[in-house]
């Protein structure tokens, strides 16, 4: 059974990657702008103080303006820091600091391995995690890139801070909305999906 879910996910990933590769830069910018406006007025976002946000790759919903708003509205900003086995959510103090971070092989900014920063998991948890993905259903199923980083992370935070009422929001282009996504036991459901 697990094997079938795995195969179905791989096929769906390939289809979605193909769809995303056919989007033009202007379509990406246009949809990202609509999604950004929806996020900035989303009640969960407006009431959240400790916010984790992914730094977007070219083929993802662009998050630069959301990051700027996190600082402008004096929320506390956390970004993912990946290593081989896990993903930490680490604190960033300003846009300048963000711009000075080194880039990974994926061309994403993240603190260097020896750059020790406040980790949200050990300092009070998070109110909101804004989540990337390859595909989503409107009822919260998510297909990531297959490493399980976000599923693991969301589960950890909910277990350690059961009373924080952590919320998750997935950002998706119209092209990324699926009718259904095969799920396995360790997959987390996303609370809200924001798309154009």
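Every residue, even glycine, has its Cβ placed from backbone N, Cα and C.
What TrEMBL says about this protein:
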- 9, 10, 11, 12, 13, 142, 143, 144, 145, 146, 147, 148, 149, 150: ATP binding site (BINDING)
- 55, 60: substrate binding site (BINDING)
- Message: Need one number for the ATP-binding residues 9, 10, 11, 12, 13, 142, 143, 144, 145, 146, 147, 148, 149, 150: the maximum pairwise CA distance in Å, whole number please.
- Response: 20
- Check the binding-site residues 143, 145, 149 for other C-beta atoms within 10 angstroms of each C-beta and report the one with the most. 143
- Cβ-based isolation winner (fewest other Cβ atoms within 10 Å) among the binding-site residues 13, 147: 147
- Note on the structure: Whole-Å Cα distance, residue 143 (ATP binding site) to residue 60 (substrate binding site), is 13
